[in-house]
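Notes follow once the structure below has been shown.
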Amino acid sequence: MRGTSKQFSDKFDWTLCLLIMLFCLTSCVSIYSASKAYLPTQLMWYGIGAIAIAVLTYFDNEQFRKLTWIFYGVGIALLVGLVFAPITDFTPQRNGAQSWYVIPGIGSIQPSEYMKVFTIMALSKVMHDHHEKTIYTTFKTDFILLCKMALAGGIPIALVIVQDLGTTLVLIAILAGMILVSGITWKIIIPLYGTALSLGSLILYLAIYGRDFLLKYLHIEDYQFKRIDSWLDPVESGDSGLQLVWSLQAIGSGLISGKGIGNVEVYIPERHTDFVFTIIGEEYGFIGGSIIIILYFLLIYHLTRTAFISNDPYSIYICVGVISMIAFHVFENVGMTIQLLPITGIPLPFISYGGSSLMTNMMAMGLIFSIRYHHRTYMFSSSLSV
């Protein structure tokens, strides 16, 4: 019994566990400052997330690979359901988007959030299976792999692009990050990324100066244009820019060390969700905000180290996908609160209030816990201990 306990202790990722606990503490304190009514629900989701991590840790990579298309298929089916479902109490429309299923007694479930993890798993399996079957890599085999990845990542993107711009950008970031480690030749990657960057710049230009084209051919919703307006000139954008104005006031008023815990003075609607970073900035100032960003850097460093030390390609792909997801979330969320980037409704990982978002991040961490727990150390290989 003692040997089993020691074996678990040696294989369990205590560093990652500590980081999640610190994020949980930060989340609880921030949400309590915004509105203590939401704290019990957030704690409940953290508890469910901990159970999910325990369950996922039990499975190894081979089992995950077998289950990948089941998870992916369920996620796609739920997204397709939202595309064709009428607006009802079961599939309501909120802020111009129909992205949730409302289940009595449970609450709202946002399939596009869970689809982020399912897409990471699908892309990892596609790359793993392709390289396992390919003996010699050529331009043709690399192009075939790119097409496979584009299909696996493109389907969920196509299903959410109209209703959920934030999730679309996250899925694109995941796909872009995983293509970089796919082994595809740079003769394909450089033109591909150059074209994507040019296309993104063109869409941004059209969003500012050619909206009729986007409305006619891409069916972009009007509320998404308002986000661009409020980003470029929040003061002159009326009600749509007020949230950003208040966000800048809140973070700016925190100065270096903040106003102290519980001393939130600037009103921001729904700040416990996507604008939770403004609470940290106002209460704890530049120092508090910097500490949170450092925590995310430590998390990404830990995930990167796991990827480098792992001897299983599938594990490496999973790590890169999770890193891409977390890094983009943090960059976009913090950036939008300080007017560096447009407001897209992307939550701050582990800290923002929201069951679907938190469960997605906890499931992603469950995959990392599994990689660490089932890691096999061979002679002359490095240990995964930190």
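Backbone N, Cα and C atoms are what each Cβ position is placed from, and that goes for glycine too.
Going by TrEMBL, these are the annotated features:
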TRANSMEM  12-32  transmembrane segment
TRANSMEM  44-60  transmembrane segment
TRANSMEM  67-87  transmembrane segment
TRANSMEM  99-123  transmembrane segment
TRANSMEM  143-162  transmembrane segment
TRANSMEM  168-185  transmembrane segment
TRANSMEM  192-210  transmembrane segment
TRANSMEM  284-302  transmembrane segment
TRANSMEM  314-331  transmembrane segment
TRANSMEM  351-371  transmembrane segment
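It is 143-162 that, among the stretches 44-60, 143-162, 168-185, 351-371, forms the most Cβ pairs under 8 Å with the transmembrane segment (67-87). Using a Cβ-Cβ cut-off under 8 Å and counting only residues 6 or more beyond its ends in the same chain, the transmembrane segment (192-210) has close neighbours at 146, 176, 179, 220, 225, 228, 232.
Away from its own ends, the transmembrane segment (314-331) comes close to residues 61, 64-65, 116, 119-121, 123-125, 127-128, 169-170, 173-174, 176-178, 180-181, 293, 296, 299-300, 303-304, 306-307, 341, 346-349, 361, 364-365, 367-368, 371, 375 of its chain (Cβ-Cβ under 8 Å, at least six residues beyond either end). Counting Cβ pairs under 8 Å to the transmembrane segment (99-123), the stretch among 12-32, 168-185, 284-302 with the most such contacts is 168-185.
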